[in-house]
Amino acid sequence: MSSSAPIGVFDSGLGGISVARQIAKDMPAEHVLYFGDSANAPYGIKTPEQVRALSFDIVERFVRQGVKAVVIACNTATSAAVNDLREHYDIPIIGMEPALKVACDRGDVPSDPHHIPQRVIVAATPLTLRERKFAKLMDRFDSNNTIFKEPCPDLVEIVESGRLGDHDLVMRTLHGYFDQYDMEHIDSVVLGCTHFVFYRDYFRELLPERAAVIDGNEGTVRHLGVVLESLGKLAPEDATGGVELANSDPSERIAELSRKLLNV
């Protein structure tokens, strides 16, 4: 596989565009093929078997296009399908997971040998939070921290329907999920769905200034770079990169919204 081959990136819909955008920013020589499966969104309320089948269809499409790696820019699809995909294909398959370690590590202060327990909300889809993969992740950190799981399926739908700019709707939806918490005593919110990255500024309105809003995009893209470099597959520095957008929903509305989110 040539180092100039493209990277395939996919999501249940439009959220993974935030990951494609991060690749374009951090690895500008890379050519990205993005596929959003908006016709089948949301994945977060489907069964693991349904998500696996959809994920295999998309990766097969990428393989036919000659990609050198695939990024599953979807926490839900990662939870349901990443292990099976890695067993089936001989190209790197990079998954996502909620950046819980980053959130909990904020309790480790160099000047203090004792961990300061963190109060963390993980906002994600229902399926991500139900899957064994997330349970194992929680097991690593919940003994020294307080971790709240908050499924937020409506946040996916708001992005997919193009209503992200409706401030009243978004804040009303966020308050519906998060007013049950004493936000003044929350240390961070982990955005465990790539759709939710587009809500960062809204979460900032909800949280005290000292609290962090954390997503896994930068870490995922950094890992992608390390993997490609180890295989000698990074694109030449003088290559012209970019992002090509495709979607299972062929409507102009989705195409226009995809372009808009890529350039936010």
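Including glycine, each Cβ sits where the backbone N, Cα and C put it.
Listed features, source Swiss-Prot:
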- Cys74: active site, proton donor/acceptor (ACT_SITE)
- Cys193: active site, proton donor/acceptor (ACT_SITE)
- Asp11, Ser12, Tyr43, Gly44, Asn75, Thr76, Thr194, His195: substrate binding site (BINDING)
Whole-number Å value for how far Cys74 (active site, proton donor/acceptor) lies from His195 (substrate binding site) (Cα to Cα): 8
For Asp11 (substrate binding site), the three-state class that DSSP assigns: strand
Neighbouring C-beta atoms (10 Å sphere around the C-beta of Thr76 (substrate binding site)): 32
Secondary structure at Tyr43 (substrate binding site), reduced by DSSP to three states: coil
Neighbouring recorded positions, C-alpha within 10 angstroms of Cys193 (active site, proton donor/acceptor) - of Tyr43, Cys74, Asn75, Thr76: Cys74, Asn75, Thr76
Maximal Cα-Cα distance (Å) across residues annotated as binding substrate, namely Asp11, Ser12, Tyr43, Gly44, Asn75, Thr76, Thr194, His195: 12
Cβ-based neighbourhood (8 Å from the centroid) of the substrate site, residues Asp11, Ser12, Tyr43, Gly44, Asn75, Thr76, Thr194, His195 excluded: Gly13, Gly15, Gly16, Ala41, Pro42, Cys74, Ala77, Thr125, Thr128, Val156, Cys193
Per-residue Cβ crowding (10 Å cut-off), top of binding-site residues Ser12, Asn75, Thr194: Asn75
